[in-house]
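To start, the structure itself, in structure tokens.
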Amino acid sequence: MFAVHLMAFYFSKLKEDQIKKVDRFLYHMRLSDDTLLDIMRRFRAEMEKGLAKDTNPTAAVKMLPTFVRAIPDGSENGEFLSLDLGGSKFRVLKVQVAEEGKRHVQMESQFYPTPNEIIRGNGTELFEYVADCLADFMKTKDLKHKKLPLGLTFSFPCRQTKLEEGVLLSWTKKFKARGVQDTDVVSRLTKAMRRHKDMDVDILALVNDTVGTMMTCAYDDPYCEVGVIIGTGTNACYMEDMSNIDLVEGDEGRMCINTEWGAFGDDGALEDIRTEFDRELDLGSLNPGKQLFEKMISGLYLGELVRLILLKMAKAGLLFGGEKSSALHTKGKIETRHVAAMEKYKEGLANTREILVDLGLEPSEADCIAVQHVCTIVSFRSANLCAAALAAILTRLRENKKVERLRTTVGMDGTLYKIHPQYPKRLHKVVRKLVPSCDVRFLLSESGSTKGAAMVTAVASRVQAQRKQIDRVLALFQLTREQLVDVQAKMRAELEYGLKKKSHGLATVRMLPTYVCGLPDGTEKGKFLALDLGGTNFRVLLVKIRSGRRSVRMYNKIFAIPLEIMQGTGEELFDHIVQCIADFLDYMGLKGASLPLGFTFSFPCRQMSIDKGTLIGWTKGFKATDCEGEDVVDMLREAIKRRNEFDLDIVAVVNDTVGTMMTCGYEDPNCEIGLIAGTGSNMCYMEDMRNIEMVEGGEGKMCINTEWGGFGDNGCIDDIWTRYDTEVDEGSLNPGKQRYEKMTSGMYLGEIVRQILIDLTKQGLLFRGQISERLRTRGIFETKFLSQIESDRLALLQVRRILQQLGLDSTCEDSIVVKEVCGAVSRRAAQLCGAGLAAIVEKRREDQGLEHLRITVGVDGTLYKLHPHFSRILQETVKELAPRCDVTFMLSEDGSGKGAALITAVAKRLQQAQKEN
């Protein structure tokens, strides 16, 4: 028993001594946690350098865009071919991707050798050889009669400008075929395939083996957004935000970046951790000074590193009693498979002895222990370096997503990772230590990167088909110049129709006289009350105007109008308004005051004078009973009487559009048009009295409230009316009415978007084909969400957050489509508004007999003010359709309430002038 203990002690002491000896000798190969964190930081900096346009040309880590923009979503199906060229043999596959939802893949494959004379010979011969092998495979599998898409896995650094193209930057590993560098490998292979007249194959995608690995794993796990290969060579790819990729135009969505991390350190960034053995290995390689990171990591080099170390130790008398065999002097005699065998847990020492004996050496027990530890240090350093670079990628992903914890999957492949008994465990452990804020799953790519190339091709086919479907829907909202000119002409005709006495009663564009006959001239003065009713909020204002200084001071208070009041009785609505006025007067210390009042009433009214307005019909969600056909000024007066607390002199009832024009007209006498683009949509303008047949008198001008929201109610714009507009119209409070407003105003745009999203989801193009309860809910898409989603400053991640707030769980690709839909709907709205406005400015130019008209438009409304693109598109449309009109757009900063007070002040001024005359 004692002897056994003695032997165990002796062996353990021997092992300890040998390990210490090797540790001392290879001190520089052992990397501390601090060193790994430093390498991680350096790699982050190299990634940034590679992504930036200015620094990419000199970057060692090239960060190549792959033009792979989406990962599989499970809806892919069909038959695809795949080629994998990049190692000691290449593979051809036929991949059958199952019908939707089943995520099942069937594969048939065949390996072909890549002889040295082919991979180091002439480039044309290489591609002809590959094409011959593909033809052989198709003949064997009876595929010659089929037209099939093909994905090419090409495991060498390529610069791509599209998915189906790749210019070889440099050969790596053992490949050295002449005349291929700086040429498009897809074109070269396509040309070689043309020699086979009976083969009909389209190369749809060129991918790196790393990208193929990521796509293979992503088919099984949608969280997979990183691919890593640790085999003959080493590389990594990951999904980067487009907004960070300077080399590719556009900032929507994500794209897979092939890091080509094997070249990390080629610019000297890793000199402090490279050892004499790394330098010696590099000098003896096919590409000295290149792929320095790869030479410290990959399977092509680990065995050689071990050989160089053993040779040096033997020369120093630290191994084999100082004896060296000719095999130990021979390059390539120790391979990575030997390193893996020597590190096996139980039989490792026995394997070590056997391998060393095969090398012509006579190892002692101590030698075997030492050699095994050399292998451990070399392979552990490899895993550590890989872990540091991968941790940098994971940190970048987490920061891109702006999350505290990242959940992600890394697709893994490569012979070193697969065959080495300790490698995966070591890599995983170090990664988790370096990035504790990331929950990482490592998924082995069972089918290799070739299946991934087929998956990229399948995704490309799916995306192509889906893109066509989405484009068909969006095309309905893309108006041509001819269509806009047609809308302009029809609006012009409807304006004329509404002005004529004979046709006025039947006109859909009402062209209502407002009896506002003058603009402010700067002499107005006094205190005025103004009411502003037109949306879910109601404002009461006290406006103080000072003569001669164009100075206005305003005090206002906003009151809510509950839905039950909006849709209750007329008496309840006006009693609520008077209650709000009483509260305001009390608040301002004006209880019992008698002041002139202007009433901004943003609904279509027929007026017989400036202080009389008969409601034609409610819009914007109001439905109060017993109001339509009644004079709203009388209804307000009666409500004031019922309260019997104060008396007000109601001087003017005006539309919000007129109020907007007057507010801007106070600042700019050239302002003769008012436009509201908000909850509703409307326009007013100063018309020559001679053209207004419903009002007597031919001198001067009068403001006409067009009520253009009703344009199209007679079917004149049915050619641009879509099925989605019909859905929105039928679900509205006033079906068949206000059709132009329903295509252009903030109240309806979000609802049009929702209808499109439902349709696209039904077609399986969005939200994984699942229509959530939230998406079925009318009104969830408020215009403010459209404005936020379309903001240029908003990254897709924030768009996804907005959609999540709306209860819609979207992918990155979904977010892009939602943004496109919002853009198409709001663009059409702005263009239609622009076409309508162009009709009015052209009419004013022609009426005045001018070659060129200069005019100002006063504008208000949340859509115009808050939407990031609406105002620009509207202005561009007006410029294009009315080139002889110089139109200035002036934002009404104080809303239509100030305008009502100004109209009241102007009316008072004109009344006073009449009295004096």
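Note: Cβ is positioned from N, Cα and C throughout, glycine not excepted.
According to Swiss-Prot, the protein carries these features:
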- 1-20: region 'Mitochondrial-binding peptide (MBP)' (REGION)
- 16-458: domain 'Hexokinase 1' (DOMAIN)
- R30, D84, L85, G86, G87, S88, K89, K425, R426: ATP 1 binding site (BINDING)
- 73-207: region 'Hexokinase small subdomain 1' (REGION)
- D84, L85, G86, G87, S88, K89, F90, R91, D209, T232, D413, G414, T415, S449: D-glucose 6-phosphate 1 binding site (BINDING)
- S155, T172, K173, N208, D209, N235, E260, Q291, L292, F293, E294: D-glucose 1 binding site (BINDING)
- 208-447: region 'Hexokinase large subdomain 1' (REGION)
- 464-905: domain 'Hexokinase 2' (DOMAIN)
- 521-654: region 'Hexokinase small subdomain 2' (REGION)
- D532, L533, G534, G535, T536, D656, T679, D860, G861, T862, S896: D-glucose 6-phosphate 2 binding site (BINDING)
- 532-537, T679, 746-747, 783-787, 862-866: ATP 2 binding site (BINDING)
- S602, F603, T619, K620, N655, D656, S681, N682, E707, E741: D-glucose 2 binding site (BINDING)
- 655-894: region 'Hexokinase large subdomain 2' (REGION)
Listed binding-site residues among S155, K173, T536, N655 whose Cα sits within 10 Å of G86 (D-glucose 6-phosphate 1 binding site): S155, K173
Packing count at G535 (ATP 2 binding site) (other Cβ atoms within 10 Å of its Cβ): 20
Nearest of the binding-site residues (L85, K89, T415, D532) to L866 (ATP 2 binding site) - Cα to Cα: D532
For T536 (D-glucose 6-phosphate 2 binding site), the number of other Cβ atoms found within 10 Å of its own Cβ: 13
Length of the line joining the Cα atoms of D209 (D-glucose 6-phosphate 1 binding site) and S155 (D-glucose 1 binding site), in Å: 5
Alpha-carbon distance [L292 (D-glucose 1 binding site); G861 (D-glucose 6-phosphate 2 binding site)] in Å: 61
D532 (D-glucose 6-phosphate 2 binding site) versus D413 (D-glucose 6-phosphate 1 binding site) - Cα distance in angstrom: 68
Inter-residue Cα distance where the pair is L85 (ATP 1 binding site) and T536 (D-glucose 6-phosphate 2 binding site), in Å: 65
Greatest inter-residue Cα distance in Å for the D-glucose 2-binding set S602, F603, T619, K620, N655, D656, S681, N682, E707, E741: 16
Between E294 (D-glucose 1 binding site) and T415 (D-glucose 6-phosphate 1 binding site), the C-alpha gap once rounded to whole angstrom: 14
Rounded to the nearest Å - Cα separation of N655 (D-glucose 2 binding site) and T415 (D-glucose 6-phosphate 1 binding site): 76
Nearest-integer angstrom distance between the alpha carbons (Cα) of E707 (D-glucose 2 binding site) and G534 (D-glucose 6-phosphate 2 binding site): 14
DSSP-assigned states of the region 'Hexokinase small subdomain 1' (73-207) in counts, ordered helix, strand, coil: 31 helix, 49 strand, 55 coil
